[in-house]
Amino acid sequence: AAESFNYKKFFEMVGLKNKSPEDVKKVFHILDKDRSGFIEEEELKFVLKGFAPDGRDLSDKETKALLAAGDKDGDGKIGAD
């Protein structure tokens, strides 16, 4: 359902918290569709579709919350580190 996405629960569900740094980088490269070295807002919007064929697009609000959780330097994108 729209506006029901919780990135903390999502990370737990997909097991990212328990992944090795190498595995996290593999996931990063899957999500970095344009191979820019960063995951931008437009790539995050479709993140659920990468995990489930019937996944929905995130709303703008959900996408911005997920981006903010991973954007440690405030540049509007998530880097590999």
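Placement of Cβ uses the backbone N, Cα and C atoms for every residue, glycine included.
Worth saying up front: this structure is predicted, and the values here are computed from it rather than measured.
These come from TrEMBL:
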DOMAIN    19-54  domain 'EF-hand'
BINDING   Asp32, Asp34, Ser36, Phe38, Glu43, Asp71, Asp73, Asp75, Lys77  Ca(2+) binding site
DOMAIN    58-81  domain 'EF-hand'
Checklist outcome for this item: Same-chain residues at least 6 apart in sequence with Cβ under 8 Å of the Cβ of Asp32 (Ca(2+) binding site), in sequence order, are Phe38, Ile39, Glu43, Ala80
Checklist entry - Going by DSSP, how much of the domain 'EF-hand' (19-54) is helix, how much is strand and how much is coil, in residues? => result 19 helix, 3 strand, 14 coil
Checklist outcome for this item: Excluding its own, the Cβ atoms lying within 10 Å of the Cβ of Lys77 (Ca(2+) binding site) add up to 18
Next on the checklist: Quick check on the binding-site residues Glu43, Asp73: which one has the highest count of other Cβ atoms within 10 Å of its Cβ?
Outcome noted: Glu43
